[in-house]
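S.K.: Encoded as structure tokens, here's the structure I'll be asking about.
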Amino acid sequence: MSLFDYKYLNQTHLKGLNEYKYNAVDTSPVSIYVMQPFWNWCVEFFPRWFAPNLMTFLGFLLLVVNFVLFTYYDFHFTEALVLPQWIWLVAALCQFWSHQLDGMDGKQARRTKTSSALGELFDHGVDSWASFLFPICIFSVIGKGEDGFSPMSMHLLLLSIYLTFIDSHWEKYNTKVLFLPWSYDISMLIMTVTYLLAYFFTPNAFRFTVPILNVSFIRVVEYAWPICGVLSSIPISIAHIFESYRTRKGYNRTFFEAIRPLISPAILFVSSTWWGLASPHMILQKQPRLFMAAVGTTFSNIACRLVIAQMSSTRSEGINILLCFYVPIQVMSVYGLFAERTEMILLIFYNTFVTLAHIHYGCCVVRQICNHLKIHAFKINVGAKNLPPAQAHIKH
């Protein structure tokens, strides 16, 4: 058996994917009046043989380019003012085209009549990892220290993004409808503009005091970012879920089954924050990039498994297997069972392990779905058109 032939999905998952129907509601003015028309125009430049999943993957790779660049030049988030100027322009271009490719992949799928459950799973799976890659790169603009974000602030800002991401899919897990958040397109455009401002005016452009409030702009961002993100998603999702129970248009699960997808994210958020606050060797302060990468990749795996559950109408898993490795390392670190060097080595080991495990999971799941639907992930084939594609219902 090949390394990537492991069966993560059972027959219930595959049967559910056969019957899957994409049902989304997009009411964002930025999306409807700006981005959607732009994507409709841009997608016409792509040949019809260009696979939608390839667009998704290329967009993700652009984010990886940004991450690698900033990891090499600014590993500890302390070099914002001395980074080569060209990095900001490259980051802006990668950020912009990653956003556009992510927006055009679905249009290319419908244009080539190759929409499938694999396409949405691939898109949202990549997005779950991108929810770490987007902000971790922006942190290099702001920097770390008195004039920037503290490592704990960075960690909590990332958690606020993970919370809004998992919230959307938890909402769909219960309501059968994916309500696309307004904040997504706005935040993508803001990040592109941020890189451009850093390119033309250096990151010093963000180091000023806000009039009237008499506080630094970075402090305003530090609090406005999570507050706006959480308030624009969590209350609305809860309202939608209550409405689905009232009208009986959702799954009407029991309370425990309804919140089951939140168990693993809650454990990860509490465990990682506890580790960051209580590590006797201040691991978060000394190795913020490694610390946040471990949390971000673990979260992505949790989110991917929830996406599969809500798409296949199956029961969400309770506790993610990766937490069985992460939490013991965290607990033993907090209680001082490791020397400083050992704690850092374990963090590096866990990062390597969780990255390889997540890539293995993604590759195996994609291969399994491709074999089941008799399609190729990155190639449009005629055989795919003989299968019933995932129906799309997008309400604006």
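Using N, Cα and C of the backbone, Cβ positions are placed for all residues, glycine too.
Not my notes, these are from TrEMBL:
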TRANSMEM  54-73  transmembrane segment
TRANSMEM  85-101  transmembrane segment
TRANSMEM  148-165  transmembrane segment
TRANSMEM  177-201  transmembrane segment
TRANSMEM  223-242  transmembrane segment
TRANSMEM  262-284  transmembrane segment
TRANSMEM  290-308  transmembrane segment
TRANSMEM  320-338  transmembrane segment
TRANSMEM  344-366  transmembrane segment
S.K.: Take the transmembrane segment (148-165) and find every residue of the same chain, 6 or more past its ends, with a Cβ under 8 Å from one of its Cβ atoms.
M.R.: 77, 80, 127-128, 131-132, 134-136, 139, 142, 181, 183, 218, 222, 225-226, 229-230, 232-234, 265, 269, 272-273, 276-277, 284-285, 288, 291-292, 295-296, 299, 303
S.K.: Within the same chain, where does the transmembrane segment (290-308) have neighbours whose Cβ lies under 8 angstroms from its own Cβ atoms, ignoring anything closer than 6 residues to its ends? I mean 6 or more beyond.
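M.R.: Contacts with the transmembrane segment (290-308): 9, 13, 120-121, 124-125, 128-129, 131-133, 136, 151, 154-155, 158-159, 162, 165-166, 169-170, 173, 261, 264-265, 268, 272, 275-276, 283-284, 314, 316-317, 320, 322-323, 326, 344, 347-348, 350-351, 354-355, 357-358, 361-362, 365.
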S.K.: Could you give the residue numbers and ranges of same-chain residues that sit at least 6 residues beyond the transmembrane segment (223-242) on either side and whose C-beta is under 8 angstroms from one of its C-beta atoms?
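M.R.: Contacts of the transmembrane segment (223-242) (Cβ under 8 Å, skipping residues fewer than 6 from its ends): 156-157, 160-161, 163-164, 167-168, 170-171, 174-175, 177, 179, 181-183, 250, 258.
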S.K.: Are there residues at least six beyond either end of the transmembrane segment (262-284) with Cβ under 8 Å to its Cβ atoms? List them, or say none.
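M.R.: Contacts of the transmembrane segment (262-284) (Cβ under 8 Å, skipping residues fewer than 6 from its ends): 151-152, 155-156, 159, 162-163, 166, 170, 291, 294-295, 298-299, 302, 317-320, 323, 326-327, 330-331, 333-334, 336, 338-340, 343-344, 347.
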S.K.: Cβ under 8 Å, sequence separation of at least 6 from the ends of the transmembrane segment (344-366): give me the contacting residues as numbers and ranges.
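M.R.: Here the qualifying positions are 3-9, 118, 121-122, 125, 129, 281, 283, 286-287, 290-291, 293-294, 297-298, 300-301, 304, 308, 322, 325-326, 329, 333, 338, 377.
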S.K.: Which residues of the chain, 6 or more past the ends of the transmembrane segment (177-201), have a CB below 8 A from one of its CBs?
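M.R.: Non-local partners: 22-31, 34-35, 80, 85, 88-89, 91-92, 95-96, 99, 103, 134, 138, 141, 164, 168-169, 171, 228-229, 232-233, 236-237, 240, 244.
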S.K.: Would you kindly list the residues that approach the transmembrane segment (85-101) from elsewhere in its chain, counting only those six or more residues past its ends and only Cβ-Cβ distances under 8 Å?
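M.R.: Distant Cβ neighbours of the transmembrane segment (85-101) are 38-39, 42, 55-56, 58-60, 62-63, 65-66, 69-70, 73, 130, 134, 137, 141, 185, 188-189, 191-192, 195-196, 198-199, 202.
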S.K.: Six or more residues out from either end of the transmembrane segment (320-338), which same-chain residues have a Cβ under 8 Å from its Cβ atoms?
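M.R.: For the transmembrane segment (320-338), the list is 264, 267-268, 271-272, 274-275, 278-281, 283, 294, 298, 301-302, 305, 346-347, 350, 353-354, 357.
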